[in-house]
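Undergrad: From Swiss-Prot, for reference:
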- D9, H11, D42, H197: Mn(2+) 1 binding site (BINDING)
- D42, N79, H114, H195: Mn(2+) 2 binding site (BINDING)
- N79, R80, D122, S160, N164, K167, H195: substrate binding site (BINDING)
Amino acid sequence: MNYTLFVGDLHLSADRPDILNAFHQFLDQDASHCDALYILGDLFEVWVGDDIAEPFALELAERLKRFSTHTPIYFIHGNRDFLLGKEYAKRSGMTLLPEIYSIDLYGEPSVLLHGDSLCTLDKAYQRFRRFRNMAWAKFIYNHLPKSKRIAIADKLRSKSKQSNQIKSYSIMDVEQSAVEQLMAETGAKRMIHGHTHRPDIHRLANDTQRIVVGDWYEQGSVLKISPKEVNLQSLPFGETEA
């Protein structure tokens, strides 16, 4: 049976070998089955540049490259790995997609994105997001010394954690009006995203739906879509049969 897999928010790092092993196992078990694998951002906990890839990321690139020889891999940047560039993508066999991407998924018009752009009530974050996406800002950052880039990334992560602790639940979730606007603009019947770490299948008006792929902190989360079914799965680490 044909099917496509979607994952996101793995937040891979050397500090969590259990997540790394679970994702490696997931790739190995499903390599010969799915039509395509879409990674919807935040594959890594942090990414400060293709030239500073850690050993675990280089090993993952080799695994992804092998996977891509028979199954296409598509990647949309998240808020943690928005600096992942063409060099690492090529090394991994991944195709970089724009931050909002429309596809025909077995006859169903769908729109894919990481999801942070939908959290429009978080004004401070949206201001930072606009700044960090500017070409000149990326250019300057990428030309800083490696030590400076790492220091900036560490400071931003720390500030983000502190800020999120005091933000309300609603501010950190997507805004319904932003969802409706994007669905209307793209003509999509289905929206698929991550970012919020709140996996669910939301039934919307006019027979549309919004699917949120979960994170991989305590267990895996995989969305499996075939011509006949939509299945959002939780995968306990060590059990990765999608």
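Even glycines carry a Cβ here, placed using N, Cα and C.
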Undergrad: I need the CA-to-CA distance for H195 (Mn(2+) 2 binding site) versus D122 (substrate binding site), whole Å please.
TA: 13
Undergrad: Within 10 Å of the Cβ of D42 (Mn(2+) 1 binding site), how many other Cβ atoms can you find? Include all protein chains, please.
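TA: Taking all protein chains shown, D42 (Mn(2+) 1 binding site) has 28 Cβ neighbours within 10 Å.
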Undergrad: Calculate the distance in Å between the alpha carbons (Cα) of H11 (Mn(2+) 1 binding site) and N79 (Mn(2+) 2 binding site), and round it to a whole number.
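TA: Computed Cα spacing between H11 (Mn(2+) 1 binding site) and N79 (Mn(2+) 2 binding site) is 11 Å.
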Undergrad: Tell me the Cα distance separating D9 (Mn(2+) 1 binding site) from N79 (Mn(2+) 2 binding site), rounded to the nearest angstrom.
TA: 10
Undergrad: Got a sec? Which of these binding-site residues, H11, H195, H197, has the most Cβ atoms within 10 Å?
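TA: That would be H195, with the highest Cβ count within 10 Å.
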Undergrad: Same chain only, sequence gap of 6 or more: which residues have a CB within under 8 Å of the CB of H114 (Mn(2+) 2 binding site)?
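TA: Residues satisfying the criterion: G8, L40, G41, D42, I76, H77, G78, N79, E99, H193, G194, H195.
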Undergrad: Can you grab the distance from R80 (substrate binding site) over to D9 (Mn(2+) 1 binding site)? Cα atoms, rounded to a whole Å.
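TA: The Cα atom of R80 (substrate binding site) is 9 Å away from the Cα atom of D9 (Mn(2+) 1 binding site).
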Undergrad: Cβ within 8 Å of the Mn(2+) 1 site centroid (D9, H11, D42, H197 excluded): which residues?
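TA: Checked against the 8 Å cutoff, the neighbours are G8, L10, G41, G78, R80, G194, H195, D215, W216, Y217.
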Undergrad: At a 10 A cut-off on CB-CB distances, which of the binding-site residues D9, D122 has the highest count?
TA: D9
Undergrad: By a simple count, how many Cβ atoms lie within 10 Å of the Cβ of R80 (substrate binding site), its own Cβ left out?
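TA: Step by step: centre on the Cβ of R80 (substrate binding site), count other Cβ atoms within 10 Å, giving 26.
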Undergrad: Round to a whole number and give the Cα-to-Cα distance in Å for the pair D9 (Mn(2+) 1 binding site) and D122 (substrate binding site).
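TA: Cα-Cα distance, D9 (Mn(2+) 1 binding site) to D122 (substrate binding site): 19 Å.
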Undergrad: Whose Cβ lies within 8 Å of the mean position of the Cβ atoms of D42, N79, H114, H195, the Mn(2+) 2 site, other than those residues?
TA: G8, D9, L40, G41, H77, G78, R80, G115, D116, G194
